[in-house]
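Report on the structure given below.
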Amino acid sequence: MNDKRKNPKDQQLEEYRVDDSGKKLTTNHGLKVSDTEHSLKAGDRGPTLMEDFHFREKMTHFDHERIPERIVHARGYGAHGEFEVYESMKEFTKAKFLNDPEVKTPVFVRFSTVAGSRGSGDTVRDARGFATKFYTEEGNYDLVGNNIPVFFIQDAIKFPDLIHAVKPEPHNEMPQAASAHDTFWDFVANNTESAHMVMWAMSDRGIPRSYRMMEGFGVHTYRFVNDKGEAHFVKFHWKPKLGVHSLVWDEAQKIAGKDPDFHRRDLWESIENGDYPEYELGVQLIKEEDEFKYDFDVLDPTKLWPEELVPVKIIGKMTLNRNQDNVFAETEQVAFHPGHVVPGIDFTNDPLLQGRLFSYTDTQLIRLGGPNFHEIPINRPVCPFHNNQRDGYHRTTVNTGQVAYYQNSLQNNEPAPAAEEDGGYVHYQEKVDGNKVRKRSESFEDHYSQAKLFWNSMSDVEQQHIIKAFRFELGKVKSKEVQQQVVNMFSNVCTYLAGEVAKGIGAKVPDHAEGSPEERSSQALSQMNTMKSPATRKLAILAMDGFDYEAVQKVMDTLKASGAMPEIISGSLGSIKSKDGNELDVDNTFLTVDSVLYDAVYVPGGKENVEGLKKEREAVSFIQEAYSHFKAVAASTEGTELFSTIGVDSNEAGIITTDENTKFDSFSEQLLEAITEHRHWNRSI
Ligand code: HDE
């Protein structure tokens, strides 16, 4: 057993793992089976007999092996890891896993899209789920967040309406995993509180490059409570160590066809390769007495806390270091719930959060088939659990003893509730006082200021992407009225944005805007200010027989030393021979992969190589497409000649070329820098 297999959660899972290799086939009841390819028949051409218990068991199990997919976040992918806090957060919370830097808490994370079915593509435009289960010594704590810090609606009772609107339309079940249709935009136009999140969803945040390169947010305001009973409002952030990076829309759509598993493959392969994804945990804290100090309501889930006003304090790190053993057993059966808390973490009256506290257990009862889903291995806490709950479908615990009630004297009142000092969970004693009303607070009424803040914070390129995303989505909407309503609504965010969208979809340019002007911007919201790293970036080296071996080796060495991942792509699998007779193994062919699956392209020299590439139509379009997706594109010596013939302008940003092999060191370094940059937006294409 290696190191990452030694944490308490893993030891617990080990008890449930079964390795079937080298074993004889049996029925579920342990009887050895002599034949599993022929049903029992009355004569070899006769009918199958009822007596065939093996046939019946095999077929019945198969007939029942699907469970309902999640109503939202159906498509997801999980990984195991560990969390450690950097320094004790005792001052703010008594949560033990946040108090001791020595403690490594096992975690299971599930990333997901929201709208699509379980078999839909990974790279669709959508919010991404980022749900983390911390297996702490005080019980499971679930941080069930998204990669967007705000939500579409302010009250949970509207969630069924929102989801009915975004899911495929009921009469024809189209479109799959897409918000680009009438009912979604009709909902938006009639629920203006969605403006802020819609801006995020239309931005590059809606199409992440990788689960390893996106932020996570708890969205709601929670409470930290320390051992003196003092509380702070808290918002949670996950910050990826690789920075926040996105695809371009054309690329995202193509990947959905070329490799619908793009994000799960990326996560799986990184962990298999030992490139463990890392995210730092950050918290924003507001003192209880400062609740009303801001121009937004801290309970409103359509508002973020600008980092310039409330800085993010980085408090720990999560590392995902082990792939799951079985997707159904773990990713599919894991049951998250924002109500799974530990002492020191508490709720607020955010009406979206309050409703979620009901919905998750409710949905799991149907999805996982009864009230014992906490006994499924992936859901079991690593600390013991004891109570008087009994029976129900799929109960596996064998509770011994006569007593299953409280209070009792036959068993001295055990299991007994724990006092607060002994870790008993005591809800924060917030004073609440009010009339029963079906209303929303007036302090939730401002729907546009932060949508404007977001827009103002975008670079020019990011703004253009948002305009194009609106044009695409609304371009797919059939109702002219809905299109116009949406354009009118977003003129309240920015008249330029609304005007550009209107032009693209043939709507009227609105002449007025509501709401107060918002001049502020926030650096933290633009991806242009993110961290950059070449680690795990994939370079496609397009090469045929006769390539320049020395050049390829140099580039591969430089890239590998920085954690980037070069691959040889050629016309067929096997190996290719360089002009001086050296051989290299081919990783993929122009048929099996595509430029959209790589971060950069390099064409080495060698006359015969370049002639060969020219004849491969897919090789040429590989380069052209990488160029049009703003990626680093490089060529050396004879390779550079190819560029001018296929419309790649060597003077553009991120195009790296060299004529001489003697300058190779600096060429490789420049290429590495260009890859690290992620995309070269100021290309005139
Ligand atoms: Fe969820 N959400 N949600 N949600 N949500 C579910 O629970 C719900 C909301 C989020 O990987 C469901 O077990 C309501 C916000 C994630 O297993 C369901 C409301 C945020 C996941 C449910 C919200 C989320 C879910 C479906 C409005 C970001 C996937 C299956 C009040 C903070 C977890 C399930 C996983 C899943 C209800 C809003 C995140 C139906 C009623 C806001 C990441 O219970």
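Every residue, even glycine, has its Cβ placed from backbone N, Cα and C.
For the heme site, TrEMBL gives ARG70, ARG110, PHE159, ARG356, TYR360; the one candidate out of ARG56, ARG367 that the record lists there too is ARG367. The sparsest Cβ neighbourhood within 10 Å, among the listed binding-site residues (ARG110, ARG356), is found at ARG356. Between the farthest pair of Cα atoms in the heme binding residues (ARG70, ARG110, PHE159, ARG356, TYR360, ARG367), the distance is 21 Å. Rounded to the nearest whole angstrom, the C-alpha distance between HIS73 (active site) and ARG356 (heme binding site) is 14. In the three-state DSSP assignment, the secondary structure recorded for HIS73 (active site) is coil.
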